[in-house]
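TrEMBL annotations:
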type     : residues : note
TRANSMEM : 43-64    : transmembrane segment
TRANSMEM : 84-113   : transmembrane segment
TRANSMEM : 125-153  : transmembrane segment
TRANSMEM : 173-193  : transmembrane segment
TRANSMEM : 200-217  : transmembrane segment
TRANSMEM : 223-246  : transmembrane segment
TRANSMEM : 253-271  : transmembrane segment
REGION   : 292-322  : region 'Disordered'
Amino acid sequence: MICASPTMSGFIPQQEDAYTPQQAMQLIARSGEKKCVMRLDKFIYNSIIAGPLLGFGCAAALIAGDSPWYSDNAPGVIHTLAGAVFPIGLILIALIGAELWTSTIFYTSVAFFERRASLLNVAKTWVLAFFSNLGGILFFMYVICIYGGVFMAESAQEHCRSYAIGKAQSPGWHQIFLSAIGANWLVCLAVYQGILAREVVSKIIAIWWPIFIFVMLGMDHVIANMFLVPIGMYYGAPFGVGYYIWKSMIPAALGNIVGGCGFVGLSYWYMWMTSDEAVPAEFDKTWIEKNQNHHTREKSRFPHSSSPESSDGHNEFNASQV
C-alpha cells in the first residue's frame, strides 16, 4: 500500500512497510541525538554488552574457518562460510539495541551535521563506546572463549594465529586503513537499511548482506579486530600489544571513521537532509495522528473490534535499536 509523506516541497510516495531513505535519515539523526545525552552508566553498560554480542560472530567466523584443507585449496569457501556466520553479531546488536562504536559514529555524526548534538558530546560518546566495546569483547574472548575451551583444538588455535598475522602483520598500514573504510562503509549501510525496514525479518535480511560482503572480502572492522587479533596473540602470533595498536587498531579506527562518517553519514545527510526532498524532523507525528484518528473512527463504528498493534499493523522498532 502506498501513501503520501510530506516534504519541504510537497509530498513523496511512501511504502507503509518501509521508511523512505529521507525518513530513515531523520530517525538516525534523532537516535544520534539521544545517544549523545543518554545517562552515562546506561550508555557505558550498553556499549560493554555490544562487545560480547559481536564476539559471538567473531568466534563463529574463526570456527567456520578451522579447515586446513579448504584454507590451502579453496580459501574462497572459508571466506564465504565466515561471511555467512559473522553477521549474527551485528544482528544481535541491532535488534537488542546495544551500542557498537562503528555504528555509533554514524548516528552521532548525522546528529552533529543536523546541529542536534555538540562536538563535545559526540566526542564523549565515541570515546566511551570505543573503550567499553574493547572491555566487553576482551572479557568475552578470555572468559568465554579461551577459558571456556572454545578453541581447544590445535587446528583452531593455529587458525587463530594465522588469522591474526593476516590481519595485523601481513598488510601495510595504508592497506588496513583503506580496508577499514570499506568495512564501515558496508556496516553503516547495513545499519541504514535496517532502519529502513519496519519489522524483524526485513531488518535481519537488510543487515545480513552488507556484513556478509565485508567479512568475505576480509575488510577491517576495528571492534571485530579487538577479538580476532588478540586471540591470535594469545595463541602465539609473533607480535605484541604495542605493535597491534600501531599497526592494526589505529589505522582500522581511522578508516572506520572515514567510512562511517564520510562515505555514509555525510553523503546521505547531504543527499537527503539538505535539499527540497528532506522530510520534517517530526515527520511521523502527523502520520501517526492521522492513523490514530482513523482507528478511533473505526472503533466508534465497530465498538467490539480490537485495535491494531500499531498504526501500520506491525510492532515497530525504535530507530535506536539498529
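All positions are counted from 1 along the displayed chain.
Cβ atoms are placed via backbone N, Cα and C, with glycine included.
Caution: TrEMBL annotation is automatic and unverified by curators.
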Exercise for the section: Spell out yes or no: are there three or more C-beta pairs under 8 angstroms between the transmembrane segment (223-246) and the transmembrane segment (125-153), with each pair 6 or more apart in sequence? Expected result: yes
Completion exercise
For the transmembrane segment (43-64), out of 84-113, 125-153, 173-193, 200-217, 253-271, most C-beta pairs under 8 A are with 125-153
Completion exercise
Between the transmembrane segment (84-113) and the stretches 125-153, 173-193, 200-217, 253-271, the largest tally of CB pairs under 8 Å belongs to 253-271
Problem - Distant-in-sequence neighbours of the transmembrane segment (253-271), which means Cβ under 8 A and at least six residues beyond its ends - result: 21, 25, 29, 101-103, 105-106, 109-110, 113-114, 130, 176-185, 187-189, 192, 220-222
